[in-house]
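Undergrad: Dropping a structure here in structure tokens format, bear with me for questions.
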Amino acid sequence: MSSQVRQNFHQDCEAAINRQINLELYASYVYLSMGYFFDRDDQALHNFAKFFRNQSHEEREHAEKLMKLQNQRGGRIFLQDIRKPERDEWGSGVRLLNVALQLEKSVNQSLLDLHKLCSD
């Protein structure tokens with residue numbers, strides 16, 4: 001069923017927003033894994049755990065804001081499977097921070113690409 005409020009909202013932009021929603025949820029899932037990895041009894045880096053659980057929440061909020069935007073524009077939300085994080089054991093705090101930095105760069109680049117696509 002087509003939306004009554006949809007106007008000047010290209011299908012490519014709608015699809016790209018859906019991909020971004022999935023990426024934000026994936027990032028949330030990865031950060032949740034990181035947070036609880038550092039909360040284990042053999043790690044016990046509680047501030048790392050708290051930080052990454054907060055990051056997980058923030059990424060999920062980003063996905064929810066994009067879903068709200070999609071609905072406001074008359075688009076349709078098509079959720080995809082969220083893939084499993086690449087590892088279950090995250091190693092040292094330094095290694096984990098490097099992985100988190102790469103993930104943030106990936107999400108940021110995806111947002112820049114989304115902006116470019118939807119601005120043209």
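Cβ atoms here come from the backbone N, Cα and C positions, even for glycine.
Residues or ranges marked as domain 'Ferritin-like diiron' in TrEMBL: 7-120. What TrEMBL lists as Fe cation binding site is E24, E59, H62, E104.
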Undergrad: Identify all same-chain residues not among E24, E59, H62, E104 whose C-beta atom falls within 8 angstroms of the centroid of the Fe cation site's C-beta atoms; report them in sequence order.
TA: L23, A27, S28, Q55, E58, R60, A63, V107
Undergrad: List the residues of the same chain that sit at least 6 positions away from E59 (Fe cation binding site) in sequence and have their Cβ under 8 Å from its Cβ, in sequence order, or write 'none'.
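TA: Result: E24, L25, A27, S28, Y31, V107.
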Undergrad: Pick from E24, E104: which of these binding-site residues has the biggest number of other Cβ atoms within 10 Å of its Cβ?
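TA: Compared across E24, E104, the most Cβ atoms within 10 Å surround E24.
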Undergrad: Counting every protein chain present, what is the number of Cβ atoms, excluding its own, within 10 Å of the Cβ of H62 (Fe cation binding site)?
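TA: Result for H62 (Fe cation binding site): 18 neighbouring Cβ atoms inside 10 Å.
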